[in-house]
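Undergrad: Submitted below is the structure of interest, expressed as structure tokens.
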Amino acid sequence: MQIALFQPDIPQNTGTILRLCACLGLAAHIIEPAGFPVSDRHFRRAGMDYLDQVSITRHVSWPQFEEWRAAQGCRLLLFTTKAATDYRDFRYQTSDILLFGRESAGVTDAVVEAADARLVIPIAPGLRSLNVAMTAAMAAGEALRQIRNPQG
Ligand SMILES: C[S@@+](CC[C@H](N)C(=O)[O-])C[C@H]1O[C@@H](n2cnc3c(N)ncnc32)[C@H](O)[C@@H]1O
């Protein structure tokens with residue numbers, strides 16, 4: 001199970017998600033451009049000392065990420081408010097990549113098209129969306145629960 005962030009633009013959210021990845025043992029992927037510097041140096045300056053515990057791969061563009069993913073043969077599961085499938089009804093695999101969109105604008109149509117599945121965390125009617133780091137935590141929690149307890 002891996003986590004990918006599409007062009008993140010709020011560093012605090014990315015930091016929270018990288019910490020989640022470190023604590024849960026998940027690899028992280030950042031698809032650039034991001035709205036802030038994503039070099040190791042900048043993360044370290046921001047005090048993210050647990051960075052040593054997480055594998056972070058930077059992809060300079062969406063096409064380059066897709067090239068890498070094709071070589072890996074991993075499914076791409078897009079979390080989006082514009083999906084019909086409840087994330088609890090989907091069957092996850094260990095090799096899946098969970099993808100989350102940019103805070104300000106979500107993802108592009110090309111990303112929506114490329115995804116193997118589009119999943120939603122149902123929220124109260126009339127409300128826009130969850131925070132992206134909250135979404136990542138809920139998504140990773142459900143996916144890992146299923147993978148570690150396939151009967152459950
Ligand atoms: C703040 S939201 C983006 C809102 C953006 N205006 C849009 O139209 O997508 C940031 C990211 O969090 C994730 N997200 C937030 N709420 C979600 C939900 N209820 N279900 C699935 N994903 C969600 C999605 O990956 C989304 O791209």
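Glycine is treated like the rest: Cβ placed from N, Cα and C.
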Undergrad: TrEMBL records G101, I121 as S-adenosyl-L-methionine-binding residues. Which of S61, S129 is assigned to the same site?
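TA: It is S129, as the record lists it for that site.
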Undergrad: 10 Å Cβ neighbour count around S129 (S-adenosyl-L-methionine binding site)?
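TA: Its Cβ shell of radius 10 Å holds 15 other Cβ atoms.
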Undergrad: Could you give the maximum C-alpha to C-alpha distance in Å for the residues G101, I121, S129 that bind S-adenosyl-L-methionine per the record?
TA: 14
Undergrad: Give the sequence-ordered list of residues that share a chain with I121 (S-adenosyl-L-methionine binding site), lie 6 or more positions from it, and have CB atoms under 8 Å from its CB.
TA: F79, D86, Y87, L130, T135, M138, A139
